[in-house]
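Take a look at the structure set out below.
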Amino acid sequence: MINPISFRPGPVTFWTTLVYLALLIPIVIINETVPPAPAAADDGKIEGVNLTEAWLDLTRITRGYHPYNSRFNEEVRGYLLGRVGEILEGSGVGGKKGNVTVFDDLRSNVTGLMAGSVVPTPGSAQVAAYFEGTNILVYVRGKGDDEGDWWRRSAEGGEMEGVRKNERGLVLVNAHYDSVSTGYGATDDGMGVVTCLQVIKYFAHPDHQPERGIVVMLNNGEEDYLYGARALGQHPLNPYIHTFLNLEGAGAGGRANLFRTTDREVTAAYAGTSDPFGTVIASDAFGLGFIRSGTDYSVLYDVYGQRGLDLAFFKPRSRYHTNRDDATHTSKASLWHMLSAAIHTASKLSGDTGDTFVGARPDGARNKVRNGSPSNGVWFDLFGKGFVNFGLRGMFAWSLTVLVATPLILVLATYILHKLDKYYFFTSSVRTYDQPDFEPVLVGGWKGAFRFPFAFIVSGALSLAVAFLMRKVNPFIIYSHRYSVIAMIFSLFYFTFWSIMRGANFARPSALHRGYVNIWLFILGWATLVAVTVTEDRFKLGAGYPIVFLQTAVCLTTFLTLCELFALPKKTAWGQQVREDHEVHDYYQPQSGNNNTRTESPPPLPQIPHQPSLVPPATRDSNASTLRQGDGNDTDDEDAAVPTERTPLVGGGNATSEHFRTTFATTYRRSITALVNGARKYGQDGDEPFEHEQAWSGRLPSWLWFFQFLILGPFTIILAAQTGLMLVDAVHQTGADGSNLLLPYLIVFAFTVLVLLPITPVIHRISHHIPVFLLVVFVGTLIYNLVAFPFSEESRYKVYFVQQIDLDTADNRVCYNGVDEYVHKIIAELPSASGRNVTCGESKRAELVSCCYDGVDVAPRLGSETPEEDTPIEEIYKSLATVTATRGEGNKAQLEIEADNTKACFLEFKQPISGFNVQGGSEWDDRFGQFPEGGIKQLKLWHRQRGERWVVDVEWKDAEKLEGQVVCAWSDANEAGTIPALDEGLRYSPVWAAITKFAEGLVEGRKGFSV
């Protein structure tokens, strides 16, 4: 019976294929599905939380586009205030009664530098903004919080009314209720908003009062540049917020991903959720800029110093900021995934009554909250059910241990094997005697030594070549066919690696093949771990944890590789046995020719004993010379008798028998029975070498490979596969944003290599069936990926829309920004562009082009009142915005801006201004950056109410006069006909195209000024 785990093609093929399928299939399913929401009958799975109610709220607030600069945004705000009141009334509290206080914040204004404008070039002009907030905050008093309105400041001196006794800090749960002007905001961020409503409902219930106070904030203006979170900085509760949970949506459904956390301690609050999902690799990718997306997390952590988590939907990105970010294209399951995680995490953060989030900051920043000393963490989920969270310092210590200790252990094992004469690696032959006249015995220990690096380089090079080919020929194919790309690169690497390793082993079979691969994996992993350890220490990155686990496993498998050599005989003993077998063979071999012939430099003996030749046939011609033996004075070789069938097998004491000695001229002699038995021991059951491998390899354990594969394979496959899929999902559709088109392919390649590394030591034993099948897969997917159209109705290409109007001349242009090839295809389908001259140039978005045409046929209707039919278009546009510039003393001026039916106007200056003041606004907030030495080149102005006037005092240096433009933005496209160009684009663009906003305004109206 064949050993089911023997190192033979059948068992190796079966077990490796089974393990890969058993792990990869569930990982793909988990990646593509969402844990089911509780049934309607079990809607109260979490006491006090109602999923049906939350879903109904979602459908209400996503009936229209609701950017900050829209009328429906105001309706959404009113609806949310009403829902908060209903929830509190249902919980037995209302307004400021009891343990809950509602803040309808219409007072917080913020003036400061735009974070994205901060550049390292000294003296460069930058961008500033003035914003008026409309946030809604609900404070749920904790059991340990002070009584009364402890947050109020006295009118005199700005000091607290009293010293707050509880220093444990508050927990913030945050979401934004505005959407982009081209998306309904179901996922971004409607689900976060309705989750916040349920969080209020849960903690407002008397039975669920939190230990530490919880602040639920529904902020407004996030989409235009995180303005709502900036306005929080002016609220009296903000200094007491120590931790936060930010709820976001950078996709349109799926699972809510733990995208970022500030430290290990806050991550622990999330760890116990029923369906965790996320990895620290995504967090580090954000920090390094590989994933472009800004959320309120940036303000809460970077500016205010709060510690917290970013829980966000992240796919599919093709629906993000489009009209398919609606309730139809998401699910209750996705909502429940975020809602259940938010309730759990907020409860854990609030329930920490120790000193975890209290105390001095390690950076000593005085303008940030004192919330203790965080520690960097490493975290990831397992199959969407388990969650691992440990300290980065611990991983750093373990990395150092692996780097230092494991080479020493392997060196020690190698030394012991060498002393025992059992180290077969890197040994070509062995000498059994010290005399130079005796030729060495071949061991074959170098066979297979350099196969792995050659196969790895060739397979990797071919896989990378295919990735670059895709980038060159059809770069967006991964946009909608990522699994086709994954299958292509996976199958190519597998087949190429197998072909080289199997071919090399066929040409020169080696029992050390698996061992050499483990040694190479150790060397490669050790070098990689050095780099990972440096990033852990210097840059505080935990993304290298798969390498740490992989190298730990490789160290163990390499150690086992050395340990199995202990089962082998000593090299010299084995060599002597081979020599003896050859002695018997040559002793009985019939000989002819000159018996004095002797080779000057005898070749090494072959390693395989001539067992069938121990008893020679009766008739056989041979060119072997006759042998002689003597004491140096006996040279009578010619008298030596040729043995025949009558010659005794065992020599006697007579003189004649003394002539029958071996070719090795040794005085060592054994009985023929001992020689035969010694030779036969290599042919006993279980000791036979596999096929044509080295004869001594028959004693190697045939089952050890199985346990080595279990050590190296499953955990590495799990980490690499689920992390790779998550990262590919995060970036494979970012090419439309102008991101690097090669990056998704490189991620696929890198994690393909990681997934397949565990099989490399045994891949040469796999039968041809799997590799040939994968070759067919590669050919099919390669052809498909080269010729298929990259977009589909389910994965639409996003193009960026803006309409620009000169309010003085009434000239207007419709512009689409994107990749040149596809922008032209989209514009070609638009009736208003037919026959028009389309001009293209560089876009403000990197790596994209801007293609524009005359929009006279699709002129927007932006005013709050409908003009008379015979009113000239020039007069209509001139009345949309006015700017009055009044010169003051020196280089000072006052600008008065009024705009109809909008809340946003921006001032652009030809020469930077050195100072400004918005009358009725707030002072400059240094937390967002010092006033730049190079001045301000653009000032963005936002009002709470549409149609209000801005009065801005400015001053400048050097120039005699100040020139610039006022750019007002209109973003409300809910009423058909308001922006006909957008309506036309949504109606007539190809089914594979989606339209999203280019900037804050769908329409930008410009008017110049000079003073």
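Glycine too: its Cβ is placed from the backbone N, Cα and C atoms.
A quick note: this is a predicted structure, and the numbers were derived from the prediction, not measured.
Site annotation (Swiss-Prot): Zn(2+) 2 is bound by Asp188, His321, and the candidate from Glu132, Glu147, Glu223 recorded at this site is Glu223. Relative to the membrane, Leu247 and Ser767 are recorded by Swiss-Prot on opposite sides. The Zn(2+) 1 site recorded in Swiss-Prot includes His176, Asp188, and the single candidate from Glu211, Glu248, Glu265 that the record places there is Glu248. Annotation note: Asn99 (N-linked glycosylation site) sits in a coil segment as assigned by DSSP. Ranked by number of Cβ pairs under 8 Å to the transmembrane segment (770-790), the listed stretches 396-416, 450-470, 484-504, 547-567, 743-763 are led by 484-504.
Look at the topological domain 'Vacuolar' (536-546): DSSP puts its residues at 5 helix, 0 strand, 6 coil. In the three-state DSSP assignment, the secondary structure recorded for Asp188 (Zn(2+) 1 binding site) is helix. Taking residue pairs at least 6 apart in sequence, the transmembrane segment (396-416) and the transmembrane segment (743-763) share fewer than three C-beta contacts under 8 angstroms.
The stretch with the most CB contacts under 8 Å to the transmembrane segment (700-720), chosen from 450-470, 484-504, 515-535, 547-567, is 547-567. Sequence-distant neighbours of Asn31 (N-linked glycosylation site) (same chain, 6+ residues apart, CB-CB distance under 8 A): Gln722, Leu725, Met726, Asp729.
Comparing the binding-site residues His176, His321 by how many other C-beta atoms lie within 10 angstroms of each C-beta, the top residue is His176.
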